[in-house]
Amino acid sequence: MNTCIQLLILCLVTVINSENSTDNSTENTIKNETENATETELPETFENETENVSETELPEIIENETKIEALNLPQIPKQKYCRTEGQYCSRTYFHRCCGNLVCQLHGFFNGTCVQCLAERKFCIWSSECCSKRCRLFRCRKNPYVQVIPY
């Protein structure tokens, strides 16, 4: 047990000594580099860099970057597959109704675009029904709207 503790202490001491030696070496290299750099070298490098950039390069670079950014933006999909009122629809992405129109199905993926769905027609959301009430995938009569006979 004592030998294990002694080995651990020995390892810690060697690690600490190696870290101290690397710190000293890096400090020496930093001092040497700062001594080698003179005051006249720094302004010359800045002057050379500013001479290389002309005024006409910047707008071209900015224009190219904005064009590239515009290409990377998510585009709003154009509704080239949407159908108008009275046309064929299938409730799929390729044959959907435009705007607020709803597809009234007559069979399996076979329907017509209409303003709203009549009573007892197949629906998914209440907003599709004229009565604004969809229950168990069928448009239902709205009990709150009563027809008063004349």
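Cβ coordinates are placed from backbone N, Cα and C, and glycine is handled just like the others.
The disulfide bond recorded by Swiss-Prot for Cys139 joins it to Cys129 [selected from Cys129, Cys130]. Recorded disulfide link (Swiss-Prot): Cys116 to Cys130, out of the candidates Cys103, Cys123, Cys130. Per Swiss-Prot, the residue from Cys113, Cys123 that shares a disulphide bond with Cys134 is Cys123. A count of other CB atoms within 10 A of each Cβ picks out Cys129 as the most crowded of the disulfide-bonded residues Cys116, Cys129, Cys130, Cys134. Contacts of Cys139 (disulfide bond) defined by a Cβ separation under 8 A and a same-chain sequence distance of 6+ are given as Leu117, Ala118, Glu119, Arg120, Lys121, Cys123, Glu128, Cys129, Cys130, Ser131, Arg133, in order along the sequence. Cys116 (disulfide bond) and Asn110 (N-linked glycosylation site) are 16 Å apart (CA-CA, integer value).
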